[in-house]
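Straight from Swiss-Prot, the features:
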{"type": "DOMAIN", "residues": "1-201", "note": "domain 'CNNM transmembrane'"}
{"type": "TRANSMEM", "residues": "7-27", "note": "transmembrane segment"}
{"type": "TRANSMEM", "residues": "64-84", "note": "transmembrane segment"}
{"type": "TRANSMEM", "residues": "101-121", "note": "transmembrane segment"}
{"type": "DOMAIN", "residues": "220-282", "note": "domain 'CBS 1'"}
{"type": "DOMAIN", "residues": "289-346", "note": "domain 'CBS 2'"}
């Protein structure tokens, strides 16, 4: 009898471990990973796909199995330990009452220890670390267990849904296991800390989250910095501008910057006349080299701008303000840089970074850097409803700003480092000494 009890007790512990490992494994593994295993022809992958596709039902089966085996462990464990320990207490002439209490306590402690450690904690750790292997091994057995006890599981699930419904709540579903953006950011941060992803991967994904929140105005090249050519410029004038400015593309004006009719590609333009004589160069027609641009309101999300640029097959979007005037432009490169970071080509060798770190707590910032980026960099809480950039913020705080003008805010000293006319080019930022 004692041997049979021990076998049953051990079997119940093993079954508990099976259900616990299955529960954690099927929750941990990704559906995309199972799809990959199916393509590789892994044994058990199709069964695993069925399980994670109907996650609610099979989690209920696991929970039922854990509950039943736990009750069985308590029931069998008490009688098993009583058979083992009773002769020992009798040998030492311990009274029946005392020995019965001691046996109950010892049985409870031992059964709890074995159930928690061997039946739950160890399988849980194993399932989390080896989710793929455990899922493939346990998928078919849990499917058979579910089929055998389907009526009972269906009744229990229905009862649970009814009780939850009394409180005006809907039962959880596997389709509701999706994570919010904030949860995904936390998961990514934890993955980075544990070494699962590197810093660049973390940065790219965070940039993608911020991508939809950016509007075109925040990343544009402002009107005053647009280098353009006139539709009436001569060949020599255009070549001189290209040599001086070294940009890839140039907007073409029909009068002023409020009338941008397209753009030229410097490489295509120069290639067209590289082997031609002077007469052809003098008689060239600029309209033959003009590519179309799109015009969008400056407040449109950059995602929408990129989609429109792809649809229209153009590299430049002209931004207009609410009055119809040109406020700036964005290129496809500007938009992509919001995800992958700075993209430098052969013309960018002399380009100055927007944020230059002099030393700890000492920076020189381009006035076009966004206020929110400054807050992220410094840990400040600067804000303005009227402007987006740090240069604009400074001008709203001090309307007669000039080189050397200073503002103190949030523990930092903001100083005008360089200006061009009335425009602030760079700000110097230093942390205040305590």
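Including glycine, each Cβ sits where the backbone N, Cα and C put it.
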Exercise. When DSSP states are grouped into helix, strand and coil, how many residues of the domain 'CBS 1' (220-282) land in each?
Worked result: 27 helix, 20 strand, 16 coil
Seminar exercise, completed: In the domain 'CBS 2' (289-346), averaged pLDDT is 88
Exercise. Who are the chain neighbours of the transmembrane segment (64-84) in space, where the CB to CB distance is under 8 Å and they lie at least 6 residues beyond its ends?
Worked result: 1-2, 5-6, 8-9, 12-13, 15-16, 18-20, 23, 103-104, 106-108, 110-111, 114-115, 119, 145, 149, 152-153, 156
